[in-house]
């Protein structure tokens, strides 16, 4: 009896991920097809190794090197932008909170001091206190607006530790849900993000308590 051979995973066609040209990865707004996409060309970001599958409308491949401020620190540039442009959800006196352009999960936030410092031990007591306060508020807001089940919170200090932008201190706040992991990150290097960044920013910003 003849046995059917299975095609090795590396040779199977990728039917669910589309690599779009870089000129279609723009900021929020309709593209040539009338569909709204979020792109990396206009925002501060911490790049990583994952592609992103933006499931509400279409799939987009977000690559490194799309930022217009390649020679500048994006976390120093972001506060000078509008909140909507920089995806900032809250501003404090010493630190601010923005969405990660390359999220692990929907609602992945970053807490950054305004001051350009690289490591946590260089932060002032006031910066440390406000980073902690903003982190607590972010957890409460994300729980309220997204009903997440838990969080991953932490800092990667130095490039050897995995920091995408090692020169400017930032703390990750990643909301987690039961069964939010699947085969995509392992097999395809792709994360499924169910909502557009602008929509998530609006929800978190609107849920943030007034000072």
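Glycine is no exception: its Cβ is also placed from the backbone N, Cα and C atoms.
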Of the ranges 158-162, 163-167, 168-172, 173-177, which one does TrEMBL flag as motif 'Histidine triad motif'? 168-172
Using a 10 Å radius around each Cβ and counting other Cβ atoms from all shown chains, which of the recorded positions 170, 172 yields the largest count? 170
DSSP-derived helix, strand and coil totals, residue by residue, for the motif 'Histidine triad motif' (168-172): 0 helix, 2 strand, 3 coil
